[in-house]
Amino acid sequence: MNDDARPAPEPQDIPPHSGAADEVNRQDPSRRSVLWTTAGVAGAGLGLGALGAGTASAAGRSAPDAVAAAEAVAAAPPRQGRTMAGVPFERRSTVRVGIIGLGNRGDSMIDLFLALPGVQVKAVCDTVRDKAEKAAKKVTAAGQPAPAIYAKDEHDYENLCKRGDIDFVYVVTPWELHFPMAKTAMLNGKHVGVECPIAMRLEELWQLVDLSERTRRHCMQLENCCYGKNEMRVLRMAHAGLFGELQHGAGAYNHDLRELMFDPDYYEGPWRRLWHTRLRGDLYPNHGFGPVANYMDVNRGDRVVSISSVGTTPLGLAAYREEHMPAGDPSWKESYIGADRTISLVQTAKGRVIRLEHDVSSPHPYSRINSLGGTKGVFEDYPERIYLEPTNTNHQWDDFKKYAEWDHWLWKEHANPPGGHGGMDYIMVFRLMQCMRLGLVPDFDVYDAAVWTAPVPLSHLSIKAKGVPLPIPDFTRGEWKKTRSGMDSEKPAE
């Protein structure tokens, strides 16, 4: 045990290691209907009903019906606990980690946890035992004791979450499993970090917010793009006023994934492709939305209030299948409804506009757009370029490299970080583990996770209703009006 860590507050109402917690899991319909296997994911029949009662019934109705359904879910239910905004972690000398999911992403991310001092990987879990054993060998190769392995069945992750020697659970599994796994981790007294998106239904987002507040456990969307070098530089410049009063921004996940989604070996089964048979909207808003929301202090002085979405005809995946997949391939049984490109306009309480795009099924170069504009100028990424008054007055883009002095301290401290995605993965894991060790407030919280993910179900509804604006819930229940720190941290004393 960590002898210098204060005992973690137990979840209110439901002791984390009691039979009551198990009973809650057994009663959760999402836990019953979704199996953590390729066959379970494919056969679970997660169509529109997976979005919740409001979404399923409104999907094919009129715009007024869609608005009514969204408003019903947007209304904040009574608070069950206390806000988690600004709540620090408990200080500890060592962060003990359990990892659920060791496919492509999990297998690479475990290396980053093992590279950090003061971090121990205590348990690993995957339904494919070979993957769990491979991860366990990495742990011992790093000089740590052999971790416990959980690979018995699709429910074995529950036993990992029940362990008394884990502080933080990292969830790296198919999207439909993120919600039940995050929920189980918090019910068992663990802080939890989840890959994108954190859930697929508005009702699930509210449940995670409420459970985080009630259990006093942090539930975070581990959004690595918030830690990109350019993103963190723009953040500091924006908060220093170089862009003037912020007016607009844009973010995207435009990434041609057709080959990977039809590759039988890259993903563990067709789970990612199958979401294009279920939803029409933006399936992956977080990479683009998170950084722009940070620039604008969303949940920390401003909030997003509505979203309006449109989408193109779904042609890309079917065309790729026609050209590349043999007759008899299981994919020929699939009917794709997901728009090749979705475009959403998000309005904030202060009148700012955020444009979100999503396109993984047509040919194009990679781009997250990552733009920000204000009364003094604008930045756009892919390629990076900037135009700021009074320096720029000739209507020509300027070199963003000139602004290196505004790099975040994390990038000055770790100039050439290891790991994937240009080093942002390492920066994210380093900072999260630092916050947990030193007892700091996390850079983002459950409210950010919920806001960044809300476009998943809402964009689908809006597209079905011909682009009608829909309300985005205030997951903070009014706490957004209070100015507080976020990603723009200063280097802490160790």
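Start at 1 and count along the chain as shown; that gives each residue its number.
Any Cβ shown, glycine's included, is placed from N, Cα and C.
Substrate is bound by Y253, R272, Y284, P285, N286, H287 in Swiss-Prot, and the record lists one more residue there from Y170, Y336, Y366, which is Y366. Fewest other C-beta atoms within 10 angstroms, among the binding-site residues H178, R272, H287, are seen around R272. Only C196, from the binding-site residues N104, D126, E176, H178, C196, place their Cα within 10 Å of the Cα belonging to P285 (substrate binding site). For the pair H178 (NAD(+) binding site) and R272 (substrate binding site), the Cα-Cα distance reads 13 Å.
Y284 (NAD(+) binding site): 24 other CB atoms within 10 A of its CB, across all protein chains. The separation of E176 (NAD(+) binding site) from N286 (substrate binding site), Cα to Cα, is 16 Å.
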